[in-house]
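Below: one structure in structure tokens.
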Amino acid sequence: FLLNQHYNPSFVSLQMMKHAWDNYKRYAWGLNELKPISKQGHSSNLFGNIQGATIVDALDTLYIMEMKEEFKEATEWVEKNLDFNVNAEISVFEVNIRFVGGLLSAYYLSGEEVFRKKAVELGEKLLPAFNTPTGIPWALLNIKSGIGRNWPWASGGSSILAEFGTLHLEFVHLSHLSGNPVFAEKVMNIRKVLNRLDKPEGLYPNYLNPSSGQWGQHHVSIGGLGDSFYEYLLKAWLMSDKTDEEGKKMYYDAVQAIETHLIRKSSGGLMYIAEWKGGLLEHKMGHLTCFAGGMFALGADGAPNDKTGHHIELGAEIARTCHESYDRTSMKLGPEAFRFDGGVEAIATRQNEKYYILRPEVIETYMYMWRLTHDPKYRQWGWEAVEALEKHCRVDGGYSGIRDVYNNRESHDDVQQSFFLSETLKYLYLLFSEDDLLPFEHWVFNTEAHPLPVLHKDDGNEEENQK
């Protein structure tokens, strides 16, 4: 496939990054995101008045792709303009994975002190989110007043599993870099609360009330609202140089329950992960859930009772299903969610699930599967995604999401998401690069694809010695 002299796939992903970055710089510099059709800035309320999401999210991608000039400009912007002294309510989760994660990665890759300083400063601003009766943090925080609250739609004032469960990696590194143990203590306390609770069928509901410490509705999902909680259990163990036995046990126990209660096979032989609503299954899988193929494969090596091959197989099956969700659309790009019911398999049946917003999860799984098996089909599938992105999402002013992947006529949503530069393009580049670029034994990727170093036991830092 394609390994003719005209196309070097990793060069193509570099060119894509250049197109996305140059247009952001031209039309939206210093703002959060780009509207590539309108050619102006886009602001998401997730970041409050903090600006520069695309810059911070893209720092490590620029560095890894050796876009030195661009990295230098981005670094200078961070030094002069990245400001957290704003009176604004932010999503603790989004600001943590994009801004804290992006700054930490940029620091570990480049050694530039400004990134360490900014990461710790932002980490300190997030600490008031944990001022709840249980220490389970609020979803939303005004970073000036320190007042937090939860999303009004979340079951009975609950915090969300994927949000409070996706702070661990970054906060352990904040303690490591600042010498202040408080960050790591906050995230270890979250586990204490979870371990005390009864889990329905061994599953973790998506909603937990931060005041009462009790579960909200018994909804369980490995897609949105749940997803990265499971990923961070596994990665906490890997990042600790496999010393965090609690994280390891929580992860493999959770996978066991997921396999028993949520993983199903369609009549056409496609394995999928359903959603669980109070004991009833909804036979739907979100694009976000497609990250799980890579997670299962990444965790295969540590799986208990000779289950390594079985976990790789689970990863491969999920990868295949997610590839089918792309292949069964007109545009060869996957929908936001797809169903297995009423004779339909791996197809979106509702209009509001047919969009594609440049999401990375399927390509992320291809990258993990490629690195862990070297089966060439994963690079082939990744290349199909490149061709589809170039054909349907690339516009003059950057890259745009699509409103309906089943329609041959493109209707663009006019947003170039910051995660397109931080995740989608980085995972494509890694898929087509050698394994010694950010090798898994030394690096763990946060859920926004920001690489964080494994904390080896001989790093001699405080938290390691206390374990």
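Note: Cβ is positioned from N, Cα and C throughout, glycine not excepted.
Unlike curated records, TrEMBL annotations are generated automatically.
Fair warning: this is a prediction, and the values are worked out from it, not measured in the lab.
Straight out of TrEMBL:
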type: ACT_SITE; residues: Glu94; note: active site, proton donor
type: ACT_SITE; residues: Asp227; note: active site
type: ACT_SITE; residues: Glu336; note: active site, proton donor
type: ACT_SITE; residues: Glu361; note: active site
type: BINDING; residues: Thr447; note: Ca(2+) binding site
type: DISULFID; residues: Cys290-Cys322; note: disulfide bond
Counting Cβ neighbours within 10 Å across all chains shown, tell me which of the recorded positions Asp227, Cys322, Glu361 comes out on top.
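That would be Cys322, with the most Cβ atoms nearby.
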Would you mind checking how many other C-beta atoms are within 10 angstroms of the C-beta on Glu336 (active site, proton donor)?
20
In angstrom units, rounded to an integer, how far apart are the Cα atoms of Glu361 (active site) and Cys322 (disulfide bond)?
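For Glu361 (active site) versus Cys322 (disulfide bond), the Cα atoms are 9 Å apart.
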To the nearest whole angstrom, what is the C-alpha distance linking Asp227 (active site) and Cys290 (disulfide bond)?
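It is 9 Å, counting Cα to Cα.
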